[in-house]
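Notes follow the structure.
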């Protein structure tokens with residue numbers, strides 16, 4: 001590692017011949033995967049020539065090698081990959097033995113990502129490990145799907161289209177979300193009380209002592225109880241109507257199972273009234289009475305209304321729906337047992353005089369009561385044979401009923417747990433929304449239909465050991481992140497020949513008011529993404545495009561800035577980047593040019609990349625600045641990049657907040673001054689950089705030439721430009737952002753940069769972007785998505 | 001054990017019998033006398049032949065570095081770390097996380113016998129191996145299905161076609177229709193059997209006896225014909241007749257059909273007065289019970305029922321335990337109840353065998369109420385017996401349930417695993433050919449590169 005760093009800093013890439021020579025001279029190769037050294041024969045790697053390691057063998061140029069691995073050193077005959085070392089052990093064993101086994105403790109999802117990265121199809125997994133792997137993966141996929149569905153549902157609850165949406169939303173919250181406010185809670189309690197009251201009235205009504213007799217001599221309701229009933233029904237009706245009126249999607253509301261129950265609880269009453277009123281004098285009164293009785297029975301359904309207020313009941317319902325297979329099995333077992341034992345007991349008992357087992361259907365009742373061990377005792381066998389059959393029937397019944405129940409129970413407990421977790425997640429989300437309303441978080445697009453599951457975020461948050469506030473932050477940033485790039489990719493996909501300018505303008509429209517980013521659009525994109533992902537040939541296309549694009553960019557940079565490289569930044573970036581992907585080839589193909597460039601990358605480039613990384617804190621500050629007077633975007637950007645640097649690798653969320661605060665103060669201090677004189681900006685900027693770079697773990701101090709700390713104007717300007725284009729461009733189209741205009745005035749290079757960016761859009765870039773942006777959708781980890789986006793931003797620069 | 005690049009020990013044979021090995025990048029120095037404790041193992045062989053010619057060495061290890069005197073093996077270092085334990089402790093524990101099947105392969109490479117595996121890990125291994133075996137069985141079945149018809153004769157091809165039609169409902173639409181039809185006929189015949197016993201639906205025959213309704217009988221006959229045809233077709237199409245006749249499902253089928261024909265022949269014999277009529281009727285009555293067997297035919301169509309039978313078969317021991325607990329409890333409590341109830345003048349417990357019935361009904365918590373204790377002591381006894389009954393049933397039932405759940409959950413997993421295995425096999429057979437081709441291309445390219453370079457240098 002150290003040696004490679006030196007090489008990158010001081011010398012040009014090694015000659016093709018050196019590479020070939022080193023490859024032919026040694027039989028073995030050392031692979032350093034995430035710090036763990038492996039040594040393997042080249043011959044072994046040859047066994048799977050189409051995988052990543054197999055291709056390493058074929059690579060004879062510096063660029064192509066850098067495409068495959070993250071770093072290498074010919075002197076040591078060592079290739080570095082920034083991947084999880086644990087998974088690699090089993091993957092390397094696949095080369096050695098031809099059998100792919102999976103480490104037991106490995107998460108199936110992360111293993112599948114590793115497999116994708118190394119270019120190995122999961123089908124090669126041996127059957128002993130494959131079962132577990134697929135089980136886990138399916139489970140996870142299901143969970144993700146459910147999460148997405150939930151998100152989409154929430155998406156539906158938007159009140160933007162029709163009049164007095166504000167009020168309706170309030171009403172909706174009041175009626176549907178008991179936890180949203182105190183009044184809503186009270187309303188829910190009242191509703192529960194009404195349900196209980198009405199059911200009590202219903203059952204009291206049947207007591208003969210409380211019933212009255214009508215003119216026909218038949219028992220009717222007690223008038224007092226009838227009043228209670230009427231009041232309850234009035235309340236239910238009102239509730240239902242209000243819900244219906246305030247619901248954002250009428251048809252969906254109508255279809256909802258809980259609402260159907262509500263309707264069924266109300267309707268019988270009205271039908272009864274209608275029938276009795278209209279048919280009072282008509283002849284078929286008897287028939288009407290019977291119908292009325294049936295409807296009366298339907299009143300019992302109102303007890304199910306309690307399901308709305310109890311998660312337990314809901315999960316019970318869901319469990320029964322989910323485990324209909326097992327329920328069917330239970331019924332089948334019981335039916336077979338009943339059939340067998342009732343016929344047996346019939347044949348045993350039928351010669352007895354005065355027997356109650358008159359036929360097989362008649363003894364069904366006995367068999368049922370015995371198998372369920374209820375045992376009323378109205379029928380019981382009397383002969384010896386019959387008693388033996390009866391004894392067997394008891395034991396068989398106990399067995400047969402007990403067998404499928406644990407499976408159902410398992411389903412139930414799983415679902416119940418899940419429900420509990422979701423409730424918590426919803427609460428968190430609501431808290432977040434409150435925070436948003438309070439103004440602390442603006443311009444966030446939370447309703448991301450394809451947001452990653454909240455659970456995953458939670459895990460990350462727990463790792464960081466953050467407080468609640470932080471939770472929101474983490475929560476939001478990926479959403480924002482995903483929102484814009486996806487849009488971009490969509491536009492570029494639909495109009496590949498358009499210039500970036502137009503596409504940016506398109507982009508600016510929705511992003512200026514993030515609430516407008518409708519779910520439909522996102523879904524559309526999602527579909528497109530899925531399509532592109534399913535095209536495997538994209539993969540190969542990508543590969544073909546790689547070298548040219550990479551070279552282009554390299555040239556551009558070389559011309560601009562002298563090679564003052566920090567290998568450490570390159571590494572820091574690459575390690576984020578290589579975190580994961582679903583379609584590994586798309587991702588790695590797009591990634592490699594970057595890494596190759598980054599080993600000699602000029603410093604100015606790094607911020608450019610960094611700028612697009614939107615941890616929440618920076619954006620927050622951005623907004624602040626905008627409201628303050630728009631003079632400090634520079635430092636705002638600076639903080640942003642520092643946030644990026646502060647959080648390398650998995651510990652992203654550890655300390656950005658702290659450092660940010662410092663930076664923010666800096667920026668306020670140097671606010672206007674910074675803008676008017678770019679050289680004066682240097683000081684805070686540089687300080688940020690020093691802190692940032694010193695925190696980067698992969699950095700080795702001797703690699704850092706002093707020149708890094710002395711920023712010159714050009715690089716800072718560059719840095720500003722790079723920063724602005726990702727987000728400020730959005731505002732560019734709308735032209736409302738004063739800071740943007742100011743910035744443009746102050747730094748002419750911005751304009752240059754922008755134009756340079758706009759002009760140079762070609763299809764390759766779009767395609768690559770597409771490839772990239774598919775990843776967050778399917779990607780398993782949030783921070784992956786975050787990491788990938790910066791690359792994408794980068795991409796657009798480099799296409800120039 | 002130290003990582004490779006520390007490189008402190010430069011000599012492979014620093015001391016007598018000491019050898020340095022490099023396993024997949026991890027360097028280990030081993031002592032010859034320790035290794036010789038297992039002389040047939042690969043490392044011991046290496047020590048013994050290390051002074052000899054290089055050919056033997058290269059056959060034993062993948063690479064030899066004469067400068068560092070280091071033997072290189074292209075194997076998994078993690079597994080080796082476990083395997084090396086055998087030289088020091090005489091036993092091996094599989095590291096948690098390594099797949100046991102994979103680990104066994106490593107042990108084979110190092111030529112170490114499986115018997116040194118410790119007991120705790122052996123059970124783990126055998127579990128996995130059982131699973132693999134089951135998968136292999138399923139794979140065999142799938143492969144048999146996939147097998148292309150290489151039957152030469154036309155009859156064989158016909159047989160195969162029939163076999164698929166009858167036994168594999170998923171193979172084609174007609175096969176599915178046949179499966180559904182047979183399922184429905186089972187249901188219909190079961191219903192007919194039950195309905196036929198209702199006295200209101202029966203008719204009196206010439207002798208004043210109640211017999212089944214003629215229409216019901218007609219339906220019954222039709223169903224029986226269908227069952228017979230099905231059974232015969234299956235039998236005809238099966239490749240192995242004896243195996244077919246002895247398998248459980250087909251025995252059930254046979255039991256379902258047989259009574260019908262026996263009754264037919266008996267009545268024929270009865271009418272032709274070769275046997276006494278009363279005897280015939282008794283035999284017919286007895287055979288009627290056999291009709292119940294047709295319900296078990298449902299098992300062919302329900303995987304849940306198959307799982308149940310499988311689970312019961314596997315947990316015979318627990319079932320025996322259940323019965324034993326129950327019988328002990330029945331004996332004890334019926335005897336107790338009998339003696340305690342003796343004092344009551346109108347006791348319902350007349351004898352111990354009679355009170356067995358009471359004990360069963362109480363212990364299984366059914367409680368018909370036809371026999372019940374009347375004295376205080378007897379009531380106490382009943383309460384205790386009920387408690388004991390609950391425990392006696394609940395304890396052995398748990399493993400049975402566990403077996404059932406495990407099988408139930410495993411079934412699907414095994415199914416997918418088997419399918420995957422087949423795919424894998426196809427893939428591997430296809431890959432070998434491709435790999436050869438690719439290797440050729442690669443070598444050619446490398447040669448060309450080198451040639452170019454030399455030409456450049458020459459210039």
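These residue numbers are counts, starting from 1, taken along the chain as shown.
Every residue, even glycine, has its Cβ placed from backbone N, Cα and C.
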Candidate ranges B:95-120, B:121-146, B:147-172, B:173-198 [criterion: TrEMBL lists as transmembrane segment]: B:173-198
From B:242-269, B:270-297, B:410-437, the residue range that TrEMBL assigns the feature transmembrane segment: B:242-269
Correct range for transmembrane segment (source TrEMBL, candidates B:212-231, B:352-371): B:352-371
Given ranges B:60-78, B:383-401, the stretch to which TrEMBL attaches the annotation transmembrane segment: B:383-401
Folded-back contacts onto the transmembrane segment (B:352-371), same chain, C-beta under 8 angstroms, at least six residues removed: 326, 329-331, 333-335, 337-338, 341, 382, 385-386, 388-390, 392-393
Contacting positions for the transmembrane segment (B:242-269) when only residues 6+ beyond its ends and CB under 8 Å are counted: 220-221, 224, 227-228, 230-231, 234-235, 275, 280, 283-284, 287-288, 290-291, 293-294, 296-297, 299-300, 309
Surrounding residues of the transmembrane segment (B:383-401) on its own chain - C-beta under 8 Å, 6+ positions past either end: 311-312, 315, 318-319, 321-322, 325-326, 329, 333, 336-337, 359, 362-365
Helix, strand and coil counts within the domain 'Potassium channel tetramerisation-type BTB' (B:19-120) (DSSP): 46 helix, 20 strand, 36 coil
Integer average pLDDT (0 to 100) for the domain 'Ion transport' (B:176-411): 86
